[in-house]
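**Student:** One structure coming up, written as structure tokens, with questions to follow.
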Amino acid sequence: METEGYRCRSSRYIESGQSAVPSSVLFAAGLLGNVLALLLLGQHRRRSRSPGGRPPRVSAFYVLVSGLAVTDLLGKCLISPMVLAAYAYNRSLSELGPGGRGEDQPGVLCQLFAFLMAFFGLAPTLLLLAMALECWLSLGHPYFYRRHLTRRLGATLGPAAAGLCALFCALPLLGFGAPMQYCPGTWCFIRMAGGGPRQLGFPVLYASLMGLLVLAIVACNVSSMRHLYGMARRQPRRGAPPAAAPRMEELDHLVLLGLMTVLFTVCSLPLIIRAYMGAFAADFNENADLSALRFLSVNSIVDPWVFIIFRTSVFRGFVRRFCRRLGSR
């Protein structure tokens, strides 16, 4: 039962018939998308520069979006080269790094890969939650937002959240959870089926935390939509007040955040489902586990392209016209 379903757990070579082309294309798409997103954010920062040469007035939302793009870019640059190196040498991740000669002891490179996969799956979720909270506070509690949410606080919370996320994802390296190699030998993650409570406790805890964060993000977005709808109801039909422009900016933030939240939920749900099925139903379906991991990795590739498409004037104009028509009805 221990080894059932995990045929590549201790393999030294990549399964035959596998190609590096899909991984190369995804890496190139993720790299290009995140670089373009950062360039657009830099352009927004230059346009936001106030007259007189004072520092640019960039909202906290765009600071968080920049952090999300940097996180996705860093994840791609750290994880994808390992996969491409495994294909180049036709060696599994456990075989490429030191160690990994025993069935229950994956190599150092495989353990690092599993840690990075867990970290860069959880860190963007925390950033999305911070973006949702920022949008909710700015709409529903503007006084508290202007008084307490400062740049210094944002600069402090970001590294603190990353540190806590890193400590949590390092638990399998300390014995709570078991890093394992998946087919075709180019992927490693936490074992999600078989073993005892120490092996299965971490994937269940990880999936539960991801699920709670997604629910919190959705709750914040729904509350922000309610506040924005209330503002639209109070706005006069003719002769828009001076506050109309900031409301449209908040609408832009909310729509972009909603698109990213839907994308992240779709990409993370398979992993959450597989973690629970492996722990409580002993489902050793390695192909399903690998598909869930690929869904999770695709999120960091598609996220920047969603932002790039949203920044186009045609798409934003369509969204604003649609929202105005919906509000008039």
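Positions of Cβ are set from backbone N, Cα and C atoms, glycine also.
Below are the features I grabbed from TrEMBL:
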TRANSMEM  20-41  transmembrane segment
DOMAIN    33-307  domain 'G-protein coupled receptors family 1 profile'
TRANSMEM  61-89  transmembrane segment
TRANSMEM  109-133  transmembrane segment
TRANSMEM  153-174  transmembrane segment
TRANSMEM  204-224  transmembrane segment
TRANSMEM  254-276  transmembrane segment
TRANSMEM  296-319  transmembrane segment
**Student:** Residue list, the transmembrane segment (109-133) vs rest of chain: Cβ under 8 Å, 6 or more residues beyond ends.
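**Tutor:** Here the qualifying positions are 61, 64-65, 67-68, 71-72, 74-75, 78-79, 82, 92-94, 96-98, 100, 157, 161-162, 165-166, 168-170, 172-173, 179-181, 187-190, 206, 209-210, 213-214, 216-217, 220-221, 224, 253, 257, 260-261, 264, 268, 271, 293, 296-297, 299-300, 303.
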**Student:** By a Cβ-Cβ criterion of under 8 Å, what residues six or more beyond either terminus of the transmembrane segment (204-224) are in contact with it?
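**Tutor:** Tertiary neighbours of the transmembrane segment (204-224) are 118, 121-122, 125-126, 128-129, 132-133, 135-136, 139-140, 168, 190, 250, 254, 257-258, 261, 264-265, 268, 271-272, 275-276, 279.
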**Student:** Where else in the chain does the transmembrane segment (153-174) make close Cβ contacts, counting only residues six or more beyond its ends and a cut-off under 8 Å?
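**Tutor:** Distant Cβ neighbours of the transmembrane segment (153-174) are 60, 63-64, 67, 111, 114-115, 118-119, 122-123, 126, 130, 190, 202, 209.
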**Student:** Over the domain 'G-protein coupled receptors family 1 profile' (33-307), what does the predicted model average in pLDDT?
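**Tutor:** Mean per-residue confidence for the domain 'G-protein coupled receptors family 1 profile' (33-307): 77 out of 100.
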